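> Copying in the features that TrEMBL gives for the protein in this structure:
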DOMAIN    216-364  domain 'Fido'
ACT_SITE  300  active site
BINDING   304, 305, 306, 307, 308, 309, 310, 311  ATP binding site
């Protein structure tokens, strides 16, 4: 949200959900910082990163003066509250704040903590999702409201009831493997070797089962990191070096996509993320999963395995809050992989402004990175706007339920029907039957000429009938 003076009152909405306001001259706030800030809080909403940068630049004196001038004023109290919350410093004010309690964030415009804390000093209902160490902001855009209004839990229940329990159980076993392969595929890595694949499946089955405190503490996350990476890159705790996400160019230089927060900030930021996980309780599981999952991957507390753990955390929060019941696996990573450009784009929505507009770093010939302006970018790391990421996840989970999960169930039902029908024509041994069905599936229900010789025992008229029943089985599942 941004504002400017013009000739009349007008608002213009942008595609990303932000709005630009034009105000007539009588709205002019004057040059005093207190008046400018009061106008911003009243008309433009709350941007925690901008506030943190402002407070770092101006120091406490003008805020102390503004609060002392109007200690009962709504927006002056909010100035004092946000200053102390974001800087960790206590203001020296000469008069006690008064007035009715006010919300830190307007719940009509932002997703807020379901159970706010009451700050008696400023008489503010602290409904922020996090704290001064880490606090994402999620705006209530129309796109997000529409996505959250979808009856996905009811649709999931309907799916479970529409398919036989035995078929659903077999599909679920496969979905765990598919989700594991997809989460590695997103990172352009080969399918993990047997032991690591099984460990990741076991980790997915753990989703929602451990106490929330253990989920995000350093020991618990380190244990999970050790499960999802090559043992040679298993870590003993959060990283101690400055890392970055990049790729090697053909000339062997590095292209840096994202500079991660400095290692010295990780402990406090991860404690802040744990606060987000607690304070977001009661919100939509999709919101909570996005805030924790994307918050984690942007903090990037390990040198390796962050992406896999980020997607595991999404699963955990969806299970923990009852969006997904029992051990059902929603193949969310498979949906992300199928639409990988959208996943990459939503990550870049956060990283690109940092890399193009704010960050200053130096990369030496050995690939070691030095962040040169940490204090100037601290607010960007600690107070991210995760609106786009929450919109993305809500829409992605809807596609998972309505497309990927349905497709897997229908395929398995069709496969079972085709298997029974083929057996009525030719009673093939199991391994031969499985091979035939796989070849038919690979060629849209037809056995190619170069594969025909592998089934010389099947007569031409039998094969013609087999191809017909295969297509009938899968036509039924699509109807």
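Cβ coordinates are placed from backbone N, Cα and C, and glycine is handled just like the others.
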> Please report how many Å separate the Cα atom of the residue listed as 'active site' from that of residue 308 (ATP binding site), as a whole number.
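Computed Cα spacing between the residue listed as 'active site' and residue 308 (ATP binding site) is 11 Å.
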> Does DSSP give residue 306 (ATP binding site) helix, strand or coil?
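Reduced to three states, the DSSP call for residue 306 (ATP binding site) is helix.
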> Beyond 304, 305, 306, 307, 308, 309, 310, 311, what residues of that chain have CB atoms within 8 A of the centre of the ATP site's CB atoms?
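Sorted by sequence, the hits are 225, 228, 297, 302, 312.
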> Sort out the sequence-distant neighbours of residue 308 (ATP binding site) for me: same chain, 6+ apart, CB within less than 8 Å of its CB, listed by position.
183, 184, 187, 200, 228, 229
> Just counting, how many other CB atoms are there within 10 A of the CB of residue 304 (ATP binding site)?
18
> Quick one: average pLDDT across the domain 'Fido' (216-364), no decimals.
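Mean model confidence (pLDDT) across the domain 'Fido' (216-364) is 94.
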> Quick one: DSSP breakdown of the domain 'Fido' (216-364) into helix, strand and coil?
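For that range the per-state counts are 88 helix, 14 strand, 47 coil.
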> Including all protein chains shown, what's the count of other C-beta atoms within 10 A of the C-beta of residue 305 (ATP binding site)?
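If we count other Cβ atoms within 10 Å of residue 305 (ATP binding site), we arrive at 23.
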> Far apart in sequence but close in space: which same-chain residues, 6 or more away, have a Cβ under 8 Å from residue 309 (ATP binding site)?
221, 224, 225, 228, 296, 297, 302
> Restricting to the same chain and to sequence separations of six or more, state which residues have a Cβ under 8 Å from that of residue 307 (ATP binding site).
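Correct list: 183, 186, 187, 297.
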